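Novice: Taken from TrEMBL, the feature domain 'THIF-type NAD/FAD binding fold' covers 8-442. Annotation source TrEMBL lists ATP binding site at 26-31, 50, 58-61, 74, 119-124. Annotation comment: TrEMBL describes 160, 163, 442, 445 as Zn(2+) binding site. The active site, glycyl thioester intermediate annotation in TrEMBL covers 175. Among the features that TrEMBL reports, compositional bias 'Acidic residues' is placed at 205-216, 571-584. Annotation comment: TrEMBL describes 205-243, 542-616 as region 'Disordered'. Residues or ranges marked as compositional bias 'Low complexity' by TrEMBL: 217-228. According to TrEMBL, the feature compositional bias 'Basic and acidic residues' maps to 229-240. Per TrEMBL, the feature domain 'Ubiquitin-activating enzyme SCCH' maps to 321-377. According to TrEMBL, the feature domain 'Ubiquitin/SUMO-activating enzyme ubiquitin-like' maps to 453-538.
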């Protein structure tokens, strides 16, 4: 090991390396390289945590894993492989989510520093907040193809991970996905929604195959349904697409005819949609074109299988085969638990084949260029190809920065960028000139964190405030919210405590324009003020907008009438990062909130009362 070789490190650095304790979060492309580098450098006390398991697709760049490890815990196998370099190192591996409450601030405080190698924005935000709360250095890293980045995050010294807004994930209107696709990605999203409609977690808002038994449907489909037989109450029975598919035994011919013929006829009955658009062409399974230009039918021996376009006939065959396999998996799950469902995974062959086949058939119907399975997998999984060399470079820079931390030379930990092409100075690895100071308006690391949220208080419910604002947009795990002016508890992390008010609107709970909520998350040891600003919902504009700069959205005095909108024009999209090769870092919902020590109670908390009844490697550059 490097620390055992005379002259490699100074005595002080050697002692610091051998005596410090390090946490590595993530055991993927970067995480494996970091762990290897730490062990070979002489670090002797390391913990590593990762929720993911090894997939075949990981083997080309995550070199601590081999074929026999597929399906096993990444953290556990990384530990075993790293110990082969130096069996004297103490490595503790956790196959777990770092966002669980047991990995508290006290857990983080035991480490000299944390090295992040995550690909999940929610988990990155969480680790950022935990390190700020524990006041320990965090070395953040990520790669995207040939680009990479390493930066130090230290409370009060540098900007945190959430100081700057992240790139927004591009979203598509539901009507475009269901009715008028114009790009390959629209068809791919449609295929993923169809998978969930048939086999996954049901969400009526994302249904893409219309219910033609709906008398309120547009066009001739609605007229036909309206003539159907009514039940004893005079209502026409509606059968969901999943129920219909199950009743038909997931018959591929029937499903194909419904999805790609009857549903298209249904769309064609909406004549106004096609006045200025190319009309789609319904397909029948026994009358399919045998090839498309450049397809595998034309060139059966050229190129890799996943990188050849499929003919529409081949798509239909793959549709039938994958449908059968998914049916068997789904029925097997339901036999054990009728509420269970499949989860789409780009690395599940049958799930990926199903989406690829459906997307290409739909693209053909709408006159859109078809994509190879390889391209569809990249787009469906939001993947930027991971490059092993970039991972190795970035991991090396992470460990070099860790040496500066151990020397207490934090000012030397400049952010470093790796680039595909040299800059004007001929550099591929480009350091910044100094540390980036904290953003004084950051709602996470500023002295008194606060943020404004612009919503329609007459429409947004308490449950939506919790799920869409606090958890989704503000990345909290188990939030509690209290109305400042009255001390009323609006949201509680105690399971079931506030269920009676979840359906109520903010206005019904007395949360009006200018109301201030004190919100805290005990898991993250994080709290902030949320200023609610009323803004009437407008068509084609987001119904929620977060504004960190208070000068742009000044609150009114408590109690003013909510008869007008306030705040700037909403952003076009919610601030949400496009994930790459995503790891599911969802915390356990069974974990309960710890009771607060009475001695730690703030004056505000003493008067609380219940209101009412109640593939790795992403980078943001």
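Any Cβ shown, glycine's included, is placed from N, Cα and C.
Automatic, uncurated: that is what TrEMBL annotation is.
Note that this is a predicted model, so its numbers are computed, not measured.
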Novice: Taking just the CA atoms, what is the gap between residue 119 (ATP binding site) and residue 163 (Zn(2+) binding site) in Å?
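Specialist: One finds 18 Å between the Cα atoms of these residues.
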Novice: 10 Å Cβ neighbour count around residue 122 (ATP binding site)?
Specialist: 22
Novice: Which of these binding-site residues is closest to the residue listed as 'active site, glycyl thioester intermediate' if you go by CA atoms: 26, 60, 122, 163, 442?
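Specialist: When the Cα distances are compared, 122 comes out closest.
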Novice: Just the number: how many Å between the Cα atoms of residue 163 (Zn(2+) binding site) and residue 122 (ATP binding site)?
Specialist: 15
Novice: To which of the binding-site residues 163, 442, 445 does the lowest count of other Cβ atoms within 10 Å belong?
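Specialist: Result for the binding-site residues 163, 442, 445: minimum number of other Cβ atoms within 10 Å at 442.
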Novice: Using all protein chains shown, find which of the binding-site residues 26, 29 scores highest when you count other CB atoms within 10 A of its CB.
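Specialist: Output for this query is 26.
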Novice: If you draw a 10 Å sphere around the Cβ of residue 119 (ATP binding site), how many other Cβ atoms fall inside it, taking every protein chain shown into account?
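Specialist: Total other Cβ atoms inside 10 Å, all chains included: 27.
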Novice: Across all protein chains in the structure, which of the recorded positions 160, 175 has the highest Cβ count within 10 Å?
Specialist: 160
Novice: Report, in whole Å, the straight Cα-to-Cα distance of residue 160 (Zn(2+) binding site) from residue 60 (ATP binding site).
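Specialist: For residue 60 (ATP binding site) versus residue 160 (Zn(2+) binding site), the Cα atoms are 32 Å apart.
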Novice: For 50, 60, listed as binding-site residues, tell me which one has the smallest number of other Cβ atoms within 10 Å.
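Specialist: Output over binding-site residues 50, 60: least Cβ neighbours within 10 Å is 60.
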Novice: Mean pLDDT for the domain 'Ubiquitin/SUMO-activating enzyme ubiquitin-like' (453-538), as a whole number?
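Specialist: The predicted confidence over the domain 'Ubiquitin/SUMO-activating enzyme ubiquitin-like' (453-538), as a mean pLDDT, is 87.
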Novice: For the Zn(2+) site given as 160, 163, 442, 445, which other residues of the same chain have their Cβ within 8 Å of the site's Cβ centre?
Specialist: 132, 159, 161, 162, 438, 439, 444, 446
